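Scroll down for the structure; my scribbles are underneath it.
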């Protein structure tokens, strides 16, 4: 079946991608169950309809997750019904007997929430890995009664399915096998951006190294056109080289003017950087080598040295300017210190409150306004603390024991602050409180 339409590279890529996404899923489940969760490396298989079987998971429960963005297709998670019971018990903080456990609405909602967190974290990891948004729908759970019905539903349009098996371990509570089933189109889409049909790319042709330019003429004769081209700044032509005996270095001579002698032509070809006619004001003299010519490396070193000297000169000029500016700023600061500014400070006239008329009357009016503010008064007969598990078990007729004994005084609260203590009394079929003690520290 052509390796069932998947190459070894693609199968390895599917395993690596699911390894990354399931690692994020393990973290999410660990946070939800408050327990250590380990997931083994996935094992990827491509199985035909007659090869697929889940006898080691029966009775099995399936949870289907459909991708709504980023990817197309659905994932089906298969796990044991016993494992579902363990996960639900860990979430609820209780223990259910095996014979009493059933997939009712509460248990289905719980396992769907676990898978929603698990596959949600997996989708987030896939989004980062594939560099695009990946979203999933709300998971739907179902019990697998007949394997043939499952195959008929999911193998109907596919000759094969990609089956990924891995082991899920939750602390010391469970260690069991999970199976992830996906259509080949979804698996191909996962690795579509990483493997192309032509995996072997053509090797780039080696780049030939450019030929090194000729060091210079050893005595060739240039035409008048070549000389004019050389003087105008063009590229140096390659003269025909004739073998000549090595001569001793000749002393450098200045150019005589517009017409160059044969010795000056030879000097120009020997490696002088400046192709312009030599200037009398600033002659540039190169140190000749043993053969009477300057090599290319010497020319480069000379040019780099000149560039460094120019940069150093510019830096010296900038430093001198900065020093001048700093000196000028220091003089300005010194002048300001020597001649401080005089600031006239005058006290702000304050009104004598004792001389104000009607101050006492205003205070009385404000006090009357404050006296009309309504306050909430409540009485607390006791308190206690209960676990969430105990509160969920409350039913009609349940008793809650408080932290105070019968006959103890109750607390009187005003706006959430205890200001007094007293005894509970009954007044005209209504409860009341007789204040026996004022908490002075809370009344200002």
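Every residue number used here counts from 1 along the chain in the order it is shown.
Using N, Cα and C of the backbone, Cβ positions are placed for all residues, glycine too.
Taken from TrEMBL, the feature domain 'CheC-like protein' applies to 10-44 (among others). The residues of the domain 'CheC-like protein' (10-44), classed with DSSP into helix (H, G, I), strand (E, B) and coil, number 24 helix, 5 strand, 6 coil.
If you look at the domain 'CheC-like protein' (109-141), the same-chain residues 6 or more away from its ends with a CB under 8 A from one of its CBs are 17, 20-25, 27-29, 32, 61-71, 75, 77, 84, 87-88, 91-92, 103, 190, 193. Feature annotation from TrEMBL assigns domain 'CheC-like protein' to 109-141 (among others).
The region 'Disordered' feature in TrEMBL is assigned to 192-259.
Positions annotated as compositional bias 'Low complexity' by TrEMBL: 243-254.
The domain 'Flagellar motor switch protein FliN-like C-terminal' annotation in TrEMBL covers 369-439. Looking at the domain 'Flagellar motor switch protein FliN-like C-terminal' (369-439) alone, the prediction's average pLDDT is 87.
Helix, strand and coil counts from DSSP across the domain 'CheC-like protein' (109-141) read 22 helix, 4 strand, 7 coil. Per-class residue totals from DSSP over the domain 'Flagellar motor switch protein FliN-like C-terminal' (369-439), listed helix then strand then coil: 8 helix, 29 strand, 34 coil.
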